[in-house]
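Undergrad: Below you'll find the structure I mean.
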Amino acid sequence: MGNLLKVLTCTDLEQGPNFFLDFENAQPTESEKEIYNQVNVVLKDAEGILEDLQSYRGAGHEIREAIQHPADEKLQEKAWGAVVPLVGKLKKFYEFSQRLEAALRGLLGALTSTPYSPTQHLEREQALAKQFAEILHFTLRFDELKMTNPAIQNDFSYYRRTLSRMRINNVPAEGENEVNNELANRMSLFYAEATPMLKTLSDATTKFVSENKNLPIENTTDCLSTMASVCRVMLETPEYRSRFTNEETVSFCLRVMVGVIILYDHVHPVGAFAKTSKIDMKGCIKVLKDQPPNSVEGLLNALRYTTKHLNDETTSKQIKSMLQ
């Protein structure tokens, strides 16, 4: 994702160390390898998940035909036959979210451990920092695609309604083994979210903090705010931005920046928008607004609708108006 990138990180928004964070070529050191390899097994499937989601067309036509002609058995069978394999895909996406959650928790454990500061972790463990960024990048790409595809929830709702009717009528349901009732309930909650992958990561980060009570919460929140600063500085500094060899690096940095802001806002007691926040929210929003509008609308919506503290009374009117 670009060549060697020099970034300025400020753990406490004062002068911080300069170091290179290589989003493209970072290789794991011996101490990183165990976690890196575990996370890599998950990440290598990420692109295929996105391709499947991008090509997801839904069974809207077949479902409409079946609903309009309830007595026509052939149309009912055709709709069911179209929906079952699609639900198999939706199940695969959901199961991948669970794997991604486990990968994130492994990375958080490595990047927040004592005795190093978040800045030292990101500098020393660049391969893990890169994987953390890749998880966030995937998450926002997934959610952008999901938000613009209403067929997903329509297909799954039809599947559940039809399955329920078949049970009442004691009709054997081919494909029922694909998704049992408990799994279907969890999938329904997942797909009901506007940004389901981001919600999964937010919940995982909150759970990580609550389960690691011996670890200061600042270790986690400072890791997130430092990563946000890294991305913002790379994007707003022409000298750094000119080093990008690929325009895709810009969208990579934007998605990672937004992802860590949302995670920070869910984990930090007062959130990302408070005056005491270690994230320069005005600077981050300005960077987003400086991009072509159609390329960042999904990211701005993620900040508007999936953060926790944006609408708090303590959030400045200026920040609220910037996101209107």
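Residue 1 is the first one shown; counting continues down the chain.
Cβ from N, Cα, C; glycine included.
Okay, so Swiss-Prot annotates it like this:
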type	residues	note
LIPID	Gly2	N-myristoyl glycine
CROSSLNK	Lys74	ubiquitin cross-link
Undergrad: Please classify the secondary structure at the residue listed as 'ubiquitin cross-link' using three-state DSSP.
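TA: Helix, per DSSP.
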Undergrad: Write out the long-range same-chain contacts of the residue listed as 'ubiquitin cross-link', meaning residues 6 or more apart in sequence whose Cβ is under 8 Å from its Cβ.
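TA: Expected: none.
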